[in-house]
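What follows is a set of notes on a single structure, which appears directly below.
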Amino acid sequence: MAKLYFNYSTMNAGKSTLLLQASYNYIERGMQTYLLTANFDDRAGMGRIGSRIGIEAEADTYTQSDDLFAKIDARLKAGPCACVLVDEAQWMTRDQVWQLARAVDDLGVPVMCYGLRVDFRGELFPGSAALLALADEMREVRTICHCGRKATMVIRVGEDGNALAEGAQIEVGGNDRYISLCRKHFREAVGDVPV
């Protein structure tokens, strides 16, 4: 039975590496996969998913106005596809997550999403919130803070190296802009969040 999966973490935990490894495992067994990523994430090149360890693969892109059910349906009509893998899933809209759930339920294709749980302010992304509500299975991908504790938060740093508390929720960046921390060190970096 097909399921909707959400593999979540903070930055630099290896989510894209795990996605690419899962795709490779299917391909190695003679099955095709359908990779999706946001059209504005060009860190590995437009229409590519890349990992920090140097592996990458081509992917179809989507905008926040695309109907992901329609994209998956069209891909399945073009030929067999064993699995859909979505990178940077936090950037999907709530409606797009529902479209993925519909693809799982109505088209019978497993969908594996990989993304951040919270942003640099400690708030859920809309796509992540919807996935936490709708996913059949959720898996935490672990990484560590500089202190050795499990990192569950991320800060965005400015050019001066200081943590930022304001700004757009979506800003594509990598190791130079984001640092994964445990909650204690997140609070030390940005201060306590007002209740």
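For all residues, glycine too, the Cβ spot is worked out from N, Cα and C.
Owing to the predicted nature of the structure, the values given are computational and were not obtained by experimental measurement.
Copied from Swiss-Prot, the annotated features are:
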| type | residues | note |
| --- | --- | --- |
| BINDING | S9, T10, M11, N12, A13, G14, K15, S16, D87, E88, A89, Q90 | ATP binding site |
| ACT_SITE | E88 | active site, proton acceptor |
| BINDING | C145, C147, C182, H185 | Zn(2+) binding site |
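Mapped onto this structure are the features recorded in Swiss-Prot.
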residue: S9; record: ATP binding site; Cβ contacts under 8 Å, 6 or more apart: K15, L116, R117, E140, V141, R142, T143
residue: A13; record: ATP binding site; Cβ contacts under 8 Å, 6 or more apart: V141, R142, T143, A151, S180
residue: A89; record: ATP binding site; Cβ contacts under 8 Å, 6 or more apart: F6, V97, C113, Y114, G115, G127, S128, L131
residue: C147; record: Zn(2+) binding site; Cβ contacts under 8 Å, 6 or more apart: C182, K184, H185
Problem set entry | Sorted by sequence, non-C145, C147, C182, H185 residues with Cβ within 8 Å of centre, Zn(2+) | I144, H146, G148, R149, A151, L181, R183, K184, F186
For this session: Measuring CA to CA, name the entry from the recorded positions M11, D87, E88 that ends up nearest C145 (Zn(2+) binding site).
Result: M11
For this session: Quick one: pull the CA-CA distance for E88 (active site, proton acceptor) versus M11 (ATP binding site), whole Å only.
Result: 11
For this session: State the three-class DSSP label for C145 (Zn(2+) binding site), counting H, G and I as helix, E and B as strand, and everything else as coil.
Result: coil
Exercise. Once the chains shown are all counted, how many other Cβ atoms turn up within 10 Å of the Cβ of M11 (ATP binding site)?
Worked result: 21
For this session: Determine the most Cβ-crowded residue among the binding-site residues K15, H185, using a 10 Å radius around each Cβ and all protein chains in the structure.
Result: K15
Exercise. Relative to the Cβ position of C182 (Zn(2+) binding site), how many further Cβ atoms are located within 10 Å?
Worked result: 19
For this session: Let me know the largest Cα to Cα distance in Å among the ATP-binding residues S9, T10, M11, N12, A13, G14, K15, S16, D87, E88, A89, Q90, as an integer.
Result: 15
